[in-house]
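Peer 1: Input: one structure, supplied below.
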Amino acid sequence: MFVDQVKISLKAGDGGNGITAYRREKYVPFGGPAGGDGGKGASVVFEVDEGLRTLLDFRYQRHFKASKGENGQSSNMHGKNAEDLVLKVPPGTIIKNVETDEVLADLVEDGQRAVVAKGGRGGRGNSRFATPRNPAPDFSEKGEPGEELDVSLELKLLADVGLVGFPSVGKSTLLSIVSKAKPKIGAYHFTTIKPNLGVVSTPDQRSFVMADLPGLIEGASDGVGLGHQFLRHVERTKVIVHMIDMSGSEGREPIEDYKVINQELAAYEQRLEDRPQIVVANKMDLPESQDNLNLFKEEIGEDVPVIPVSTITRDNIDQLLYAIADKLEEYKDVDFTVEEEESVGINRVLYKHTPSQDKFTISRDDDGAYVVSGNAIERMFKMTDFNSDPAVRRFARQMRSMGIDDALRERGCKNGDIVRILGGEFEFVE
């Protein structure tokens, strides 16, 4: 089974906690602070593995949590950094933030990496806070929480050849007889609803990857039917094999099928109109196919070669494979993927998840309590050990230095009012 789109949840590792400790060696009467820093939490990293072809592994595991950094130790020993969690994906994987729909990375080349969820910084030990005024601080810092987000993985096929055409023209049947792929084949429309991949070998030992793609209908470029779901896979194929039911058994005219499909390709992406294309006249074993083929050739002209085949009797299949292999060799040095990436301004690694560092905002709850929110203040809240009075006093000083106290007063906050930050409640004291 081919899986080309999946949503997963990521949680980078929290940083290790710094500790409060002091030197206690013999002959060191004023040892001072000796608490070590916590280690860095593991990041979630995606890496391209060219041996993979699908996102199937992510179908059975949707939640990924990276390791926490080790806590600091006494004698100024720092905790060990956690090893990054590396998730392998096939070439052509696009990673998007589910909440914002922002593209985080477009991974194409083998070994290419992108950090999508960054591990938390390790908390600082008490030795980091020593000053001339306070040479032996009795507080330390908790580790920074790792980033947490939901992402969608979308695999754009990197097949060499894409089979396109109306439903039930024989695309799946062709793939099944020229490769070991076993797509679902049925006597009804849209038997194929997910792409199927197959490795095809020609009689002269040339090989390529062929993709049987869901059938198109008129309006696909506007999202009708399986439209966009189908068309995004065509973008990275080097050669398009356009299959047409030359028998007209579905009640459609072959020439109209040909025109509609090409119009939909061009409407979705202008460059697809100029992509190398091989026209295949299928079902030549049925009555009226030859007459329809003659009319078809007259209509499109001699400049467009047409290869007549029958996927049922397998007539002319080898000649079709030779023609595809020849066309691939002709365009082997053309990188359509790079052209498309440059045309839309997409770098191969676009973005590393970084929360916006807005200062803070103040709102009111229904019970009248003041709610302070913002990435910076929430980060400080999470890294403060509220079991330590000195750490709490430091947090209060940080709030004052950020201007939160003054902002609360401007909003009407008075002595004794409740202030909330995340899950914590504080009493405002003048």
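Placement of Cβ uses the backbone N, Cα and C atoms for every residue, glycine included.
What Swiss-Prot records for this protein is below:
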BINDING   165-172, 190-194, 212-215, 282-285, 310-312  GTP binding site
BINDING   Ser172, Thr192  Mg(2+) binding site
DOMAIN    1-158  domain 'Obg'
DOMAIN    159-329  domain 'OBG-type G'
REGION    118-145  region 'Disordered'
Peer 1: Work through the binding-site residues one by one (Lys171, Lys283) and point out the residue whose CB has the fewest other CB atoms within 10 angstroms.
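Peer 2: Candidates: the binding-site residues Lys171, Lys283. Fewest Cβ atoms within 10 Å: Lys283.
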Peer 1: Counting across all protein chains present, how many other Cβ atoms fall within 10 Å of the Cβ of Ser172 (Mg(2+) binding site)?
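Peer 2: Result for Ser172 (Mg(2+) binding site): 24 other Cβ atoms within 10 Å.
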Peer 1: Which whole-number value in Å describes the distance between the Cα atoms of Gly165 (GTP binding site) and Ser172 (Mg(2+) binding site)?
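Peer 2: Rounded to a whole number, the Cα-Cα distance is 11 Å.
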Peer 1: What does DSSP call Ser310 (GTP binding site) in the simple three-state scheme?
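Peer 2: In the DSSP reduction, Ser310 (GTP binding site) maps to strand.
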Peer 1: For the domain 'Obg' (1-158), provide the mean pLDDT of the predicted model.
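Peer 2: For the domain 'Obg' (1-158), the model's average pLDDT rounds to 90.
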Peer 1: May I ask for the distance between Lys283 (GTP binding site) and Ser172 (Mg(2+) binding site), taken between their Cα atoms and rounded to an integer number of Å?
Peer 2: 13
Peer 1: Just how many other Cβ atoms lie inside 10 Å of the Cβ on Gly165 (GTP binding site)?
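Peer 2: The answer is 24.
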Peer 1: In Å, rounded, how far does the Cα of Ser172 (Mg(2+) binding site) sit from the Cα of Ser310 (GTP binding site)?
Peer 2: 13
